[in-house]
Every structure is written in C-alpha cells, then in structure tokens.
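K.L.:
One structure is given below, represented as structure tokens, and several questions about it will come after.
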Amino acid sequence: MATSLMKSSLALHAAPRPRSVRLSATSSRVDSPQVSVVLGTQWGDEGKGKLVDNLAQQFDIVARAQGGANAGHTIYDETGRKFALHLVPSGILNPKATCVIGNGVVLHLPGLFEEIRRLKEKGVQVDGRLLVSDRAHLLFDLHKEIDGLREAELAGDGKQIGTTKRGIGPAYSSKATRNGLRVCDLFDRATFKTKLTNLAADGAKRFGEKFAYDVEGDIAAYEKLAEEIRPFVVDTVEYLHEALQSGKRILIEGANATMLDLDFGTYPYVTSSNPSIGGIATGLGLPPSSYDDIVGVAKAYTTRVGAGPYPTEIHGKLAEDLRAVGHEYGTTTGRPRRIGWMDIVALRYACKINGVTHINLTKLDVLDNLEEIQVGVGYKTKEGKMLKSVPADLHTLENVEVVYETLPGWQADISAARQWAQLPAAAQAYVQRIEDLIGIPVKWIGVGPGRDALVVKPEAPKK
C-alpha cells in the first residue's frame, strides 16, 4: 500500500461536534449514566475489558449483547492476577455486579462452564451472579467443525477470512437460516434431539465424509449441560427492563469492534454479528433511547487479527517491536496481531456510526520509546481524490494512499502516571490531537495493563 507523509490542513480534517448527552430532569446523566455502553472502534482488542472492569464498580449489572467466544477480554484484578474472558462479562470481578449474557450472544456451553470453572478456581463467585438469556443461540462443536472446513476451502482459493475457528460464523448462519437451537430448546429433550440431528444432517450433506461430528454424543452431553445451565437461565429482556425501571445502573460490554461489523466493517473480512450500536439494541432488547453514555475504546495505535484491508499497517522491525512491547497476540487464538498507526478516518467513521460520546484511548505507554509517531488523517485515491470516510469497496480501500501527520514522541516511561499533569507534554499533545481530529473528548487514557493504570483527562472548559 502506498503512503505519503503529507501534512493535512485543519480545515480538511475538521470533525463535527460531538452529540450532546441527554440529561434527566433530576440529575446529570453524563456524570452518572444509568445505562452506559462500551464499544470497540477499531478492529478489536482495544482494551474494552479493562475499562468495563473499572467502570463495573459503579454499576449493578454488566451485560454482553453479541459475539461469542471469539471475543477475548484480558483484565487484571487488584493483586495483578490475569483473567482471560471470552463469554463471561468482564464485570464478574466486581462481587456486587450481576452479569448478563444477552440473546444476541452465540453460546458454547462447554466453553462457558470451563470459563466458570477457572473463575471459581481463582475464588470468583459466579453462582447467582451470572444470568443467561433463554433466547441466546447455542453454538455446538459442529459449528466449529464447519468453520474449519469452510476456512480450508477458502484457503485453497487464497481467500481465507482468518477466522478464530470458534464456530461463530456458522452459528450465526444457523440463526439466520432459522435452523439454529436456542437455550430454551435445551429443556425439551425431544425437540432438542430432532433439531440437533437435522442440523448435523445439513453439515454432513454439505461436507460429506470430511464432516466428523458425533451427534449422538453431543445429544447425550447436552442432557447434562441442560441441567447445569438451568439455574442461570432467565428472560433477560424482562430482567433488564425491570432493572431499568427500578433505577439500577447497567453497563453494556461490546465485543469485537466496529471495523469488524457485519454491515459497517471491511466485509467480508468481518465478524458475523453487529458489534456496533445496533447490535446492542437487538442483542439485549434495551432501546437506544435508554443509552446515556456511549464510550468508544481505541488503542493509541491500531491492531488487526486475520486478513483484510488495513490502511495504516506498519511492517518490519518497528511492527515487531511494537508487537513485543504491547504483547499483541490474540487472547482467543494466540496469533500475532498486525500493527498499524492510529487511523483517524476509521476512528471518526466508527464514532459517527455509534454516536460515541467519550473516548477511552488505551495502551498509550506502548509508544513510549518512539522518536516520532504518525497519525493517519486522510485517505487519497490513486486518482488524487480525498475520501471523506471509509469506502465500502475493498479494492479502493486496499489501494488508498494514507495522508499522515507526524507528531513528536515523548521517549519517557509513562506507566506510573495517574494524573493528566503527570504525562509528558508530547504525550498530552498526542492525545489532544486525536481528540481534536475526531471532535469527541478523550476521557480515559490507558498507560499500562494494571487495573489502576488509567489516567482521567480533565474536561475542557465549556465555551
């Protein structure tokens, strides 16, 4: 991909003002939102789990709306212990919070119970604190099998997507073609057996002898799993609306990210759900009118796992160094992540789609050793046309020339900073430049992996 180090004019990249946040008649919903949403604004792995873990201390309920075990959230408790979560919401480390897995999630029960087991081994109380939607779709080992077979076919044509092979796409495919099984189906054994047998027959018909799935074994296994999951299962739509009416505070944890969204991402190199704001509404049954605060989480640089266009990608030793410093390996797959500069065009696009009110800028400390830092502020076509947003056409996106601004680095260790004033002037300038370019305030800045490694940026005086 061609790039040019060109300085942009402020006028060219001026961003719209952030939308105002609704205030209730009695209190500021900005300072104390009843419903707050945390979403990824890049290609995933932005550090959403850490912010959710921090904010969860202030909320009664933490809910997941979409995705499955392809989402990997890494968080640390106050003692520095590491927790890698895939299905259980990150709020589980707050003993006062109830965690909800909504109807939009595709749920692999063996994986869920393994995650619960690991949490209990570390002393985390889960029973009575985790609720699962009766409308959530089930993800079976057959979906994982199909995922691997599909990727193998695509690899033969050189068109593999680079999925996590966790069965997410096939599970959502079953949902869309209306032959999927939901959690509520677990409790009618005859119906469950018939539906799963039919689903397995479809897989065998499609892939023939390559499809190695023990349907009878899974039917027997799920008889036991049905009883294990029963205490967790509720009508989460009714539960959440009752909580809303009673004044409880709800934190919604997005999985994956907007640039992987099925509709708005770099299709077909995307996930199979909607990690944007629309997926929150359909994945939980809470209307958009109830959202008081929408936080967009973005790394101070960018990463991506798997194939697909990536305009600001960095190659060579610099990418290797940043990957090593940032520990950029997938929580779910362990694959090395691709590394890139901050992409303002993509970030502004994601903020527009989601109605983002605040930004959490993460992993600023990873850039500590750089003399200069580049920020992608514009896309230019081969014909010299400046693009206002992320183009839908992949050929166009793959061949854009990125317009960069170059900012000075700070070359200092910022991991001990806990206040805005403790950050070097160049680090402050970098954060402020990003804020100015997207027109949305940066509220939190991550300066390390620990729970407390977070700087709150003071609000700018109102004009």
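One-based numbering along the chain as shown.
Every residue gets a Cβ built from N, Cα and C, even glycine.
Here's the feature list from Swiss-Prot:
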type	residues	note
BINDING	44-50, 72-74, ARG337, 363-365, 446-448	GTP binding site
ACT_SITE	ASP45	active site, proton acceptor
BINDING	ASP45, GLY72	Mg(2+) binding site
BINDING	ASP45, GLU46, GLY47, LYS48, ASN70, ALA71, GLY72, HIS73, THR164, ARG178, ASN256, THR271, ARG335	IMP binding site
ACT_SITE	HIS73	active site, proton donor
BINDING	THR331, THR332, THR333, GLY334, ARG335, PRO336, ARG337	substrate binding site
K.L.:
At a 10 Å cut-off from the C-beta of ARG335 (IMP binding site), count the other C-beta atoms across all protein chains.
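P.N.:
For ARG335 (IMP binding site), the 10 Å Cβ neighbour count is 13.
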K.L.:
Please work out the number of neighbouring Cβ atoms within 10 Å of the Cβ of PRO336 (substrate binding site), leaving out its own Cβ.
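P.N.:
15, counting other Cβ atoms within 10 Å of PRO336 (substrate binding site).
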K.L.:
Spatially, and counting Cα to Cα, which of the binding-site residues is closest to ASN70 (IMP binding site)? Options: THR331, ARG337, VAL447.
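P.N.:
Minimum Cα distance from ASN70 (IMP binding site) across THR331, ARG337, VAL447 lands on THR331.
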K.L.:
Least buried of the binding-site residues GLY44, GLY47, GLY334, going by other Cβ atoms within 10 Å?
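P.N.:
Lowest Cβ count within 10 Å among the binding-site residues (GLY44, GLY47, GLY334) is GLY334.
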K.L.:
Can you tell me how far the Cα of THR74 (GTP binding site) sits from the Cα of THR331 (substrate binding site), in Å?
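P.N.:
Checking the Cα atoms of THR74 (GTP binding site) and THR331 (substrate binding site) gives a distance of 7 Å.
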K.L.:
Looking at the binding-site residues GLY72, ASN256, THR331, PRO336, which ones sit with their CA no more than 10 Å from the CA of GLY44 (GTP binding site)?
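P.N.:
GLY72, ASN256, listed in sequence order.
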K.L.:
Filter the recorded positions ASP45, GLY47, LYS50, GLY334, ARG335, ARG337 down to the ones within 10 angstroms of the residue listed as 'active site, proton donor', Cα to Cα, kept in sequence order.
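P.N.:
Among ASP45, GLY47, LYS50, GLY334, ARG335, ARG337, the ones whose Cα sits within 10 Å of that of the residue listed as 'active site, proton donor' are ASP45, GLY47, LYS50.
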K.L.:
Closest of the binding-site residues to GLY47 (GTP binding site), Cα to Cα, picking from GLY72, THR333, ARG337?
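P.N.:
Smallest Cα separation from GLY47 (GTP binding site) among GLY72, THR333, ARG337: GLY72.
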K.L.:
So among the binding-site residues ASN70, THR74, THR331, THR333, who's got the most Cβ atoms within 10 Å?
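P.N.:
That would be ASN70, with the highest Cβ count within 10 Å.
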